[in-house]
Amino acid sequence: LTGVLDDCLCDIESIDDFNTFKIFPKIQKLQERDYFRYYKVNLKRPCPFWADDGHCSIKDCHVEPCPESKIPVGIKAGSSNKYSKVANNSKELEDCEQANKLGAVNSTLSNQSKEAFIDWARYDDSQDHFCELDDERSPDAQYVDLLLNPERYTGYKGPSAWRVWNSIYEENCFKPRSVYRPLNPLAPSRGGDDGESFYTWLEGLCLEKRVFYKLISGLHASINLHLCANYLLEETWGKPRWGPNVKEFTRRFDPAETKGEGPRRLKNLYFLYLIELRALSKVAPYFERSVVDLYTGNGHEDAESKALLLDIFRDTKSFHMHFDEKSMFAGDKKGAKSLKEEFRLHFKNISRIMDCVGCDKCRLWGKLQTQGLGTALKILFSEKEIQSLPENSPSKGFQLTRQEIVALVNAFGRLSTSIRELQNFKVLLQQTR
């Protein structure tokens with residue numbers, strides 16, 4: 001996979017180098033910080049589009065809540081005491097982790113973290129443009145430690161997973177009825193309407209609709225890469241071994257196995273990376289203001305987190321081949337406004353489809369990455385509002401909630417990891433030949 005990407009003047013080799021040597025190590029470090037590792041999510045929202053076909057019964061998909069007796073009192077009571085630097089006794093957490101099965105979504109948090117979240121909530125503004133947000137006040141919404149719940153292959157597949165991706169591609173990617181070939185890359189092709197004729201149609205679309213398809217395809221490719229890179233290779237004596245599965249990677253991306261589709265999917269991953277990278281460089285002025293604080297209650301940690309985030313922003317600005325979003329929605333004002341609204345509603349619909357994912361682990365990461373991309377789009381279409389932000393007071397024109405910030409950073413972290421994993425697979429493939 002080499003050369004220049006379509007719809008932007010950027011080559012794959014430049015992105016690989018930039019990601020490997022500048023972005024990846026720093027974003028990994030940032031994701032380990034308390035502010036970015038806890039994400040609030042409601043995994044019990046009903047699917048709004050079809051009757052729920054039941055959650056998958058694979059143990060790696062489950063949310064395995066802690067026994068009531070093990071949950072720290074402060075969490076159950078919703079204590080809003082002043083933030084304490086003295087950590088809660090970690091014995092309870094250790095017992096809790098032992099009680100959790102492999103791969104379960106671990107929703108246990110220390111008293112200390114819980115109190116910090118109550119303060120964080122005051123910093124939040126509920127407005128969102130591109131995503132259907134969870135109601136954080138719902139009793140079903142819970143904080144999840146993303147580090148204890150890594151995205152990986154859980155075994156969730158079959159009709160339920162198929163239906164989710166099919167709905168995303170077929171009903172939301174601006175496909176006209178004249179194109180019979182399924183957009184879903186997992187779909188079997190029908191008759192002669194395959195391959196190049198489909199891409200001829202895609203190239204004939206306006207830039208915005210073509211970009212929309214590429215974003216969804218790139219997100220799909222990225223998720224598939226994570227599953228291939230963190231695959232359950234074997235489980236002996238109850239001890240799982242996770243790692244890269246070259247055979248699975250080949251099945252999903254090799255040109256011969258995918259009728260030439262694999263490299264296109266990977267190019268769309270790079271395109272998505274560029275879009276989110278551009279959003280990070282554009283949103284920098286929002287965070288550079290002294291009034292914005294990555295607040296956890298631990299002043300020293302908060303200052304370090306913000307310094308690291310600003311360092312990443314400096315790197316994103318130094319990248320010299322950004323996607324130019326000014327080329328989007330640049331037609332006549334009425335048509336551009338209508339198209340932008342259509343774009344937004346389609347994406348919002350996709351965020352709602354994530355509530356139809358039957359595997360809780362997959363649903364968690366699907367919702368987070370969709371919200372991260374939605375936040376990136378919100379940023380790219382709010383340039384004027386960001387440029388006119390007041391230095392010393394919160395802005396009414398443009399605001400990010402903590403949820404959006406956490407999703408934005410972690411979603412980009414996933415793309416950065418995907419591109420890094422792609423380098424690893426290149427090496428592994430050379431070794432197997």
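Cβ from N, Cα, C; glycine included.
Predicted automatically and left uncurated, TrEMBL annotations should be read as such.
Candidates considered were CYS356, CYS362; TrEMBL assigns the disulfide partner of CYS359 as CYS362. Per-site Cβ counts within 10 Å over the binding-site residues THR154, SER217 peak at SER217. Here the Cβ of TRP165 (FAD binding site) has 19 other Cβ atoms within 10 Å, regardless of which shown protein chain they belong to.
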